[in-house]
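What TrEMBL records for this protein:
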type	residues	note
DOMAIN	A:5-151	domain 'UBC core'
ACT_SITE	A:89	active site, glycyl thioester intermediate
């Protein structure tokens, strides 16, 4: 099982990720496991995450692309759709996954999620409540966490 | 953003790589174990969960075993501590009983499950899980050399 060739699809995607990176996103496979990627996403401008560098990890399971990549944040982030362990509530990672999607579309969607938090479909109940009851204050907390944990230093 | 590794090196690696590992990395493996533990396992006589919900590396876990029927352990609830280091699951977690127990594979002073006396840890394989450890320890409680051993008072801890 450990000795199989990397599927062509994954090789092509990896080459694309490296040769034509999306602005604000980088993803590179780890040396000892080409299905395991170190990912960095820059906090989008005009969001509470602006200026932050967010580390994520991504893994392509054996069934990929029939199954979605597994991905989570390693950097702490204050966001209603991301929990304390960095797990992400995003439909395309669950029931809306399609083999037509790719690593790059997943990462773009995560970047978009940072721009558009959705407290009505929360993963972190407390953060979602905060977002709905006092958005200005929740945004301040998110900025504070970006400064504390995602400053890239 | 600049690429962390020079691209040509990475592409060379991809092209040359014939032995690609498909093994699930530590963190995703532990997330799977966490989800399985949250759903609840089998008849509920073994269970486990994370100690610190904020620990992104998911190192400390508490396991629970309910003593098997027809043994001195029947009806007792045993708490254990499992620690998954960075090299888990290549290496087994360290396992110790928090609740006092008298068992051949458990150190009498510390509660540590001694790998030399517990085959699953001694012959560890990365496919094994914390659930396997707890299930195997429960079986061990019911084995002939453990099922009748005199036990310390209930509710005491190492």
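All positions are counted from 1 along the displayed chain.
Quick reminder: no glycine exception, Cβ is built from N, Cα and C everywhere.
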Suppose we draw a 10 Å sphere around the Cβ of the residue listed as 'active site, glycyl thioester intermediate'. How many other Cβ atoms does it contain, all chains included?
18
The correct DSSP tally for the domain 'UBC core' (A:5-151) reads 52 helix, 30 strand, 65 coil
What is the average pLDDT across the domain 'UBC core' (A:5-151)?
95
